[in-house]
Structures are given as structure tokens and as C-alpha cells.
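Enquirer: According to Swiss-Prot, the protein has these features:
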- Leu75, Cys76, His77, Met113, Glu114: substrate binding site (BINDING)
- Asp128: active site (ACT_SITE)
Amino acid sequence: MNTFTHINQNGEANMVDVSAKQDTVREARAEAFVTMNPETLQMIISGNHHKGDVFATARIAGIQAAKRTWELIPLCHPLLLSKVEVQLEALPEKNQVRIESLCKLSGKTGVEMEALTAASAAALTIYDMCKAVQKDMVIEQVRLLSKSGGKSGDFVAKS
């Protein structure tokens, strides 16, 4: 059975010591969805939003968030990310925006939290930029899609 790595023998939260681990190439992908009214989505797609390019702003927010995950999640290590990618796709048939993030590095610990943070921050940025038009948008299905590298092995989410 797996144990919680961030809890010490006294039941206290602690940062995992990764100093003895070997560097390996690690990669993680995550996704999130923002569901909204068709009119809100059309405003984003057409580029007519008064605050500017929603997708470009959300992409930059996701990249910045991945780089600063260690400042947001208390027990995360600061990481030297070698790649962060955030892709946004309008899904008009579902009135959604799909966000997929990719984080990669060669290091001692995984990048799952960075990928999840990137997707989440991009979704939050879409909400922030569009809340004046629609307050009942829904951010949902934030999840890890895959991870590779490290001693715990690879993971691929079920469809």
C-alpha cells in the first residue's frame, strides 16, 4: 500500500527530501474545462472581448502559474522547468473551453502539480476575464492526464 510521502512518522506535514534522488526526465499533462453560455464563448472566439485576447492571457497565466507552483502549494519544491505549454481549444458544441497543459523537466521530482496548477490558473483567468459578461461559468474536470518519469512510473488517466 502506498503511503503519504508528505507526512512524517509523527503525522506532521513535511517537505520530502529529494536530495539523494537521481535526475530523470519527467513530464506531466493536465486538463481543465470552462463551461459557459454560447454567447460568452462566441465573444472569446471572435476576439470581441473588451479586455483583449482571452486565450493569450489565459495561456500566459497558466505558464506563470506553473513556474510559481512552489509558492502556492506549501510542500512543493521549486523546480527548474524546461518546458511549459498551455493549449486552449474552443468546443462550441459543448459550450466549453478545454485547457491542456504540459510541464517537463530533468530533475528529482515530478511536475504533476505544476501541470495541474497551469491548467487551473488558465481556467481561472478565463473566468476572471469573462465574469462581467457571465458569472455562472463552471470550471470543472481538472485532472491529471498523464505523467512519466520517476520511480513511481508512468500514469495515463482513463478516458
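First residue shown is number 1, and so on along the chain.
Glycine too: its Cβ is placed from the backbone N, Cα and C atoms.
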Enquirer: Across all chains shown, how many C-beta atoms besides its own are within 10 angstroms of the C-beta of Leu75 (substrate binding site)?
Expert: 13
Enquirer: Beyond Leu75, Cys76, His77, Met113, Glu114, what residues of that chain have CB atoms within 8 A of the centre of the substrate site's CB atoms?
Expert: Thr69, Trp70, Ile73, Leu79, Thr109
Enquirer: Express the distance between the Cα positions of Leu75 (substrate binding site) and the residue listed as 'active site' as a whole number of Å.
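Expert: With distance taken Cα to Cα, the residue listed as 'active site' is 27 Å from Leu75 (substrate binding site).
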Enquirer: Output, ordered by sequence, the same-chain residues six or more apart from Met113 (substrate binding site) with a CB under 8 Å from its CB, or 'none'.
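Expert: Sequence-distant Cβ neighbours: Thr69, Ile73, Cys76.
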Enquirer: If you draw a 10 Å sphere around the Cβ of Glu114 (substrate binding site), how many other Cβ atoms fall inside it, taking every protein chain shown into account?
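Expert: By my count, 28.
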Enquirer: Which value in Å gives the longest Cα to Cα span across the substrate site residues Leu75, Cys76, His77, Met113, Glu114 as recorded?
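Expert: Per the listed residues, the maximum Cα distance equals 12 Å.
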Enquirer: At the Cα level, what's the spacing in Å between His77 (substrate binding site) and the residue listed as 'active site', rounded?
Expert: 28
